[in-house]
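Quick look at what Swiss-Prot lists:
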- 26-120: domain 'Ig-like C2-type' (DOMAIN)
- ASN43: N-linked glycosylation site (CARBOHYD)
- ASN83: N-linked glycosylation site (CARBOHYD)
- ASN131: N-linked glycosylation site (CARBOHYD)
- ASN157: N-linked glycosylation site (CARBOHYD)
- ASN227: N-linked glycosylation site (CARBOHYD)
- 310-314: motif 'WSXWS motif' (MOTIF)
- ASN379: N-linked glycosylation site (CARBOHYD)
- ASN383: N-linked glycosylation site (CARBOHYD)
- ASN390: N-linked glycosylation site (CARBOHYD)
- ASN553: N-linked glycosylation site (CARBOHYD)
- ASN564: N-linked glycosylation site (CARBOHYD)
- 651-659: motif 'Box 1 motif' (MOTIF)
Amino acid sequence: MLTLQTWLVQALFIFLTTESTGELLDPCGYISPESPVVQLHSNFTAVCVLKEKCMDYFHVNANYIVWKTNHFTIPKEQYTIINRTASSVTFTDIASLNIQLTCNILTFGQLEQNVYGITIISGLPPEKPKNLSCIVNEGKKMRCEWDGGRETHLETNFTLKSEWATHKFADCKAKRDTPTSCTVDYSTVYFVNIEVWVEAENALGKVTSDHINFDPVYKVKPNPPHNLSVINSEELSSILKLTWTNPSIKSVIILKYNIQYRTKDASTWSQIPPEDTASTRSSFTVQDLKPFTEYVFRIRCMKEDGKGYWSDWSEEASGITYEDRPSKAPSFWYKIDPSHTQGYRTVQLVWKTLPPFEANGKILDYEVTLTRWKSHLQNYTVNATKLTVNLTNDRYLATLTVRNLVGKSDAAVLTIPACDFQATHPVMDLKAFPKDNMLWVEWTTPRESVKKYILEWCVLSDKAPCITDWQQEDGTVHRTYLRGNLAESKCYLITVTPVYADGPGSPESIKAYLKQAPPSKGPTVRTKKVGKNEAVLEWDQLPVDVQNGFIRNYTIFYRTIIGNETAVNVDSSHTEYTLSSLTSDTLYMVRMAAYTDEGGKDGPEFTFTTPKFAQGEIEAIVVPVCLAFLLTTLLGVLFCFNKRDLIKKHIWPNVPDPSKSHIAQWSPHTPPRHNFNSKDQMYSDGNFTDVSVVEIEANDKKPFPEDLKSLDLFKKEKINTEGHSSGIGGSSCMSSSRPSISSSDENESSQNTSSTVQYSTVVHSGYRHQVPSVQVFSRSESTQPLLDSEERPEDLQLVDHVDGGDGILPRQQYFKQNCSQHESSPDISHFERSKQVSSVNEEDFVRLKQQISDHISQSCGSGQMKMFQEVSAADAFGPGTEGQVERFETVGMEAATDEGMPKSYLPQTVRQGGYMPQ
């Protein structure tokens, strides 16, 4: 709906502002001024005036006017309502060159309707033209130039005006493409003054330059000379003759000339002195030129008094001076190579080609003369620049001359010293440095008189040999530059050798670069030694081909995976460095950079891991521990060795030999000893029986039950005292275990004695209830340990049985040997021991029976022996019960007692490996 309303308003406005015939009607208003041109940075006011008919139709007045510049609304603060029909707007400090200003009114619905529009043009007024000058080119019309001043930003017209004193010439308007110059269209008249000035005009103003008055002849610019040619002279090799054709104006004015020349390869010109060419001429001879040298010439002219302008330069012309004999001897040097012939040496003579300005002509050949000291001459004619000869080890004098068409040069003299010559007096303070894209060499001259200096240089490379170039300098020179094709980033080895009258001096060398650059690649670092907290890094010096300059320093960058990077600077002379304060068992990343004066280059990155322990740290721990263990072991062995008797007593006590004891002296009736040939013969099968032999008094009339009762008491005493036996029954490692014999009702308290020798003692007397007197024993001289009874005789007492019918029995003494596992199990049952007794074979029984029979026959007679045998055969080796074993012991006692046998001591048990007293 709003769009339709807007369209209707616009259509109505168009209808009201046009006539029915289509012609435009008068606008609703206008802006004054109509087409303003204002000066930059000035103030400007525009007024918009509305017409009455539009005001009545749209019901508006000046309050409804809206000003806009370039479609942007101007703030109302700049508006001024003059009356109901006019409104003005003011601009201050106009900076824009072009402003579109429109006057608009607000109609129905606050719609803006354009009333009128203008363009404000800004600019500057013209400045006064300056530096007006005119030039009269020969054969052409006068042309004037000036300085138009600042830019006005407006269309500005320049007009050149000229007149004589009596005649005014037509104006010359400058063209748009050349606004500061203009050429008049009339012919120039010499020797008549003319007045000239310039007018400048634009929309903001008009100005006129100063007037100048001159004679055109003083503004003449002649045409350049033409047909320039150069001619040489055969008589004089240092001159060239120039000829040319002068311009036609020479008939009007006197000319002077400016002649310049240069060699063909030069870029700068040399000039003939102006006073030599200050008059009109058509030729000139140039002198003091170099022979056989091509020169280029050019020439120009102007009015003699200098008023006017120089002509343009003529076309260039060239010519070559005639030849002359070489002006200088060539540079001459030598090199000595080892010779394969004894007493000779190979000498290579070398020289430099003379430059054209010194050769003064085409070189035909070289003449070399060798003179040995106080000897004949050797002449050589060479077309090359070197000569190789074989010379003796003597001193030689070499001369060199160069020849052209005109003649020979002066001779270059060179002394070749003998092979034993010692060079001395080198130059001092040798320096080399780049400057102005040249490599300069400087030194301090020796005190001795130097004829010349030889400078040699070559490019150092690891891939190619050092090809030497050289040059010669005069003996008075102490600073020069290397004349050759030098390359950047290359290391040059420069050698300076002073040459004296008697031969060369000692050479001095130095390295230098024409221009340095960063290295082509960085050094490769590697580890030489890695420790727990440090690492020794090493690297190789960079090849000279990739250094590109002097290596000033190295920088080592190292870091862990998560740590910050650390940089360490290292002197360039070092090839290894030790990183300290590292962390053990850590991965490190290392790279290295080499730096020249122009920058650095990083090498490849390298990684290494520090060990967890330092070198020798494990050894430092293990070795002391091992030494301590070894020392402890040695001390233990020494202790055991020193205390071997004590240890042996506790671990392996000595078993006393009863045969060497004084036990036999306890009774005045000691039974004879039985000498058995061998235990192996007695018991070849390794088994024997535990036997108890009890001697009973022969005259004892006590009934058998009482005897048994006494025997039971004896057996109980034996069981109770078995653990208190003396050392006679000690352990022996050669003995084997055997069970002891006890009654069946004492199985739980019996002990399994290993290799035990038991003794039973029965004290007999005619009177049973009479206490026997204490026996006195004497100490044996044997070295065997004493028995318990021997050590303590007071313990030996007799047992008196009274009223009860008990027999008199002494305390039973027995001895043990322990060396087997049965010693640790003393609680073995009597039943087990009985089984061992019953397991004796028949052969053992027969052998034992025979032994017992022999013993009884000596002490008791054949009656007792018969009874003992019968009892032993019937009971002791019967079905193998404990009762039977006990019976065997009892019967033996009765037999011994009835026969009145004196008391004796016999072993109860002898096992294989045990000790058996003889």
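The backbone N, Cα and C atoms fix where each Cβ goes, and this holds for glycine too.
Sequence features, as recorded in Swiss-Prot, placed on the structure.
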{"residue": "ASN43", "record": "N-linked glycosylation site", "DSSP (3 states)": "coil"}
{"residue": "ASN83", "record": "N-linked glycosylation site", "DSSP (3 states)": "coil"}
{"residue": "ASN131", "record": "N-linked glycosylation site", "DSSP (3 states)": "strand"}
{"residue": "ASN157", "record": "N-linked glycosylation site", "DSSP (3 states)": "strand"}
{"residue": "ASN227", "record": "N-linked glycosylation site", "DSSP (3 states)": "strand"}
{"residue": "ASN379", "record": "N-linked glycosylation site", "DSSP (3 states)": "strand"}
{"residue": "ASN390", "record": "N-linked glycosylation site", "DSSP (3 states)": "strand"}
{"residue": "ASN553", "record": "N-linked glycosylation site", "DSSP (3 states)": "strand"}
{"residue": "ASN564", "record": "N-linked glycosylation site", "DSSP (3 states)": "coil"}
Cβ under 8 Å, sequence separation of at least 6 from the ends of the motif 'WSXWS motif' (310-314): give me the contacting residues as numbers and ranges.
138, 221-226, 228, 244, 247, 258, 298-302
Please report how many Å separate the Cα atom of ASN227 (N-linked glycosylation site) from that of ASN83 (N-linked glycosylation site), as a whole number.
85
Of the glycosylation sites listed here (ASN43, ASN83, ASN131, ASN553, ASN564), which is spatially closest to ASN390 (N-linked glycosylation site) when Cα positions are compared?
ASN553
Just the number: how many Å between the Cα atoms of ASN157 (N-linked glycosylation site) and ASN131 (N-linked glycosylation site)?
17
Could you put numbers on the helix, strand and coil content of the motif 'WSXWS motif' (310-314), residue by residue per DSSP?
0 helix, 0 strand, 5 coil
What is the separation, in Å, between the Cα atoms of ASN383 (N-linked glycosylation site) and ASN553 (N-linked glycosylation site)?
50
Restricting to the motif 'Box 1 motif' (651-659), what is the model's mean pLDDT?
74
Listed in sequence order, residues with CB under 8 A of ASN564 (N-linked glycosylation site) and six or more positions away:
none
Cβ neighbours of ASN131 (N-linked glycosylation site) where a neighbour is any other Cβ within 10 Å:
11
Mind checking how the motif 'Box 1 motif' (651-659) divides into helix, strand and coil residues in DSSP?
3 helix, 0 strand, 6 coil
Helix, strand, coil residue numbers for the domain 'Ig-like C2-type' (26-120) per DSSP?
16 helix, 48 strand, 31 coil
Using the alpha carbons only, what distance in Å do you get between ASN43 (N-linked glycosylation site) and ASN131 (N-linked glycosylation site) once rounded?
33
ASN131 (N-linked glycosylation site): which of the glycosylation sites ASN83, ASN379, ASN553 is the nearest Cα neighbour?
ASN83
Across all protein chains in the structure, which of the glycosylation sites ASN43, ASN227, ASN383, ASN390, ASN553 has the highest Cβ count within 10 Å?
ASN553
Could you state the whole-number distance in Å separating the C-alpha atoms of ASN379 (N-linked glycosylation site) and ASN83 (N-linked glycosylation site)?
122
